[in-house]
Amino acid sequence: NARQLLRWTYSLLSCDGVQVTVKDERKFAVLFSPVVLQCQYSTHSTQTAVVQWWYKSYCTDRTRDSFTFPESLGVQGSELGSTAHLDCADKSRTVRIVASGQGASLTLAEHYKGRDITIINKADLRIGELQWGDSGVYFCKVVISDDLEGKNEGQVELLVLGESHPPHHILICILGKLAAVFKCKLLKFYKNDIKVYYRYTMCCSAELKISFI
């Protein structure tokens, strides 16, 4: 009858279930800049979806990669085909939820409270000011109570890059696996009627002095 035909048609339309896609599998963004990790989903359900973003740290240290041009990283990845920075058990790396949203409601995980992070455009994750620790793999997961079939998550790699020309008040120091960012106080002096600026900072236990006219 008509009711059975309608039910059969609906089942055909919804057989694939929810489908989640991410625009970029790999994303590069500069330290302290904003970034948007794009995620889209389709579903035949009329229920309001719960969108969750999860974070997993890389399996290997990528500090040095953070100071390599994205084009070079892309070439290395295509030539070597290495996924060592992704292939490890969750118990050996950091795994945590970033944010969860349903409709207009948004909840930030404890680790991210106080930061400019939100879910926009239904499922995109926006991070307002990137930090070193934000490098890693992000998972966009969509949960709909009456649509549990299909592909309900997608992932995107994010690598935070060091600035090629840091601002005058920022000094970045790398020593082995140690990476630190120091904000320096700019002091002004005069020598023979010439204005001279000195910048002092402590970097890797060594005092540095940078001067310029």
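The backbone N, Cα and C atoms fix where each Cβ goes, and this holds for glycine too.
Record features, source TrEMBL:
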DOMAIN    24-161  domain 'Immunoglobulin'
Local confidence of the prediction over the domain 'Immunoglobulin' (24-161), expressed as mean pLDDT: 89
Secondary structure content of the domain 'Immunoglobulin' (24-161), with strand meaning DSSP E or B: 24 helix, 58 strand, 56 coil
